[in-house]
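Enquirer: One structure follows; several queries about it will come next.
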Amino acid sequence: MKKVHFIGIGGIGISAIARFLFEKGHKISGSDIKESKTTQELKEQGMDVITPHCKEAIKDQDFVVYSAAIKDDNVELVEARKKGIKCFSRKEILPYVLEDKRVFAVAGAHGKSTTSAMLSSLIEGSVIIGAISKQFGSNMRYAQSDNVVFEADESDSSFLNSNPYLAVVTNAEPEHMEHYDYDLAKFYAAYKGFLERAKVRVINAEDEFLSTLKLDAIRLFPSSDITELAMVVRDYQPYTSFNLKNLGKFEVFGMGQHIAIDASLAILAALHETPLKDIRENLLNFKGIKKRFDILSADKNFILIDDYAHHPTEIRATLNSVFEYAKLLGVSNVTAIFQPHRYTRLSTNLEGFKECFKGVDELVILPVYAAGEKPIEVDMKGAFSEYSPIFTDKVERVGEAIEFTDEFGVKNRLSDGIVVGFGAGDISVQLRGGY
């Protein structure tokens, strides 16, 4: 048994690893900048978690793990290094966590959380992912098994440390380019390196970069391999059915072509571990993941959806699904609430963001969630002028409605049609309120 301390333990990726090592029998402590639902849950599970960070948290731990958000001057990190305790980033600790496991690793700019969660429904084993699966209510599931379904992150190239037995790549659209010195060759080399580390590879072969690879791989061609795509709504819950290659018909929770693609990649990966009949049945156990087309409230008058999409490609894919969902329900009004996430992402992808909201009836824009970045000047009013957007500092959930005060002091209330919030910051907390 090791004593392991996690700095930034409330983060979605770090908390999953902490939970996994705790279940393996290690003594886990941790800290974060403030209390959250996650830190409370970790305490309830038996971990020693404190807030905020303080040097007294560093005692006699065997090693310390810190999240990507932690800077070198963090008081706990400084204290641990002063005491000579080994310190590892999340990226650096992965070989220790995964070294003796048969890892089913899922990477990609978009869809990796959903695909990972779907795959965790299809095969037996532990699960370490960057989202809360509604099937088991956590970002981690522990099993006495060599198998681990792992969501592999390209943002800091940590997927290269994931020891994949089987590697899935949903797509390789350039993102987090600051980590790769804005060098596309470095970025694509990392994806190629990730795939080369695996014995089995499953890829979306219609991705611009992945289509050029000469590696031995199981290839999904969505435009021809996925047929008879159909969507249906039952009790306000979305489902997608489709035929995959010569494998027959499947149904999965969620709505849209991108959901069928994610499910197809998970199915092709699971075929190495699970009989086809069981895959078809197990896929029905998937109930979606938190913050992905997450229906918070639904009745005949008002539907509120929380979605983590924070890149133009993701927002457009989700909105296409929302429009289809609205059509099936006979709803005519769709309002989008957008909280930009990181100044660098907003400025780099501004043209994409200007285009991705086409079709919405109303656009509400929140301030940029900086995530620690320094501000970059962006003319938001000019960029989004075609939408005549409403700007507000925050939104509030009030019963079955969303309320906010706009920049002119006028109070607004959204209580009919579909309202969908987009962002990776704290918009989810605003939309949920105390509900």
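Every residue gets a Cβ built from N, Cα and C, even glycine.
Summarising the annotation, Swiss-Prot assigns ATP binding site to Gly108, Ala109, His110, Gly111, Lys112, Ser113, Thr114.
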Enquirer: With Cβ-Cβ distance below 8 Å and at least 6 positions apart along the chain, what are the contacts of Ser113 (ATP binding site)? List them in sequence order.
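Expert: Expected: Ile129, Gly130, Ala131, Glu151, Ile289, Arg292, Tyr308.
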Enquirer: So which of the binding-site residues is most packed in, judged by how many other Cβ atoms lie within 10 Å of its Cβ, out of His110, Lys112?
Expert: Lys112
Enquirer: Per DSSP, to which secondary structure element type does Lys112 (ATP binding site) belong, with helix, strand and coil as the options?
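Expert: Helix, per DSSP.
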Enquirer: Neighbour count, 10 Å Cβ-Cβ cut-off, for Gly111 (ATP binding site): what number do you get?
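Expert: Around the Cβ of Gly111 (ATP binding site), 25 other Cβ atoms lie within 10 Å.
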Enquirer: Counting every protein chain present, what is the number of Cβ atoms, excluding its own, within 10 Å of the Cβ of Thr114 (ATP binding site)?
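Expert: There are 32 of them.
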Enquirer: Hey, which of the binding-site residues Gly108, Ala109 is the loneliest by Cβ count within 10 Å?
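Expert: Minimum Cβ neighbour count within 10 Å, taken over the binding-site residues Gly108, Ala109, occurs at Ala109.
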Enquirer: Beyond the listed site residues Gly108, Ala109, His110, Gly111, Lys112, Ser113, Thr114, identify every same-chain residue whose Cβ lies within 8 Å of the center of their Cβ atoms for the ATP site.
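Expert: Not counting the recorded site residues, we get Val106, Thr115, Thr170, Asn171, Asp262.
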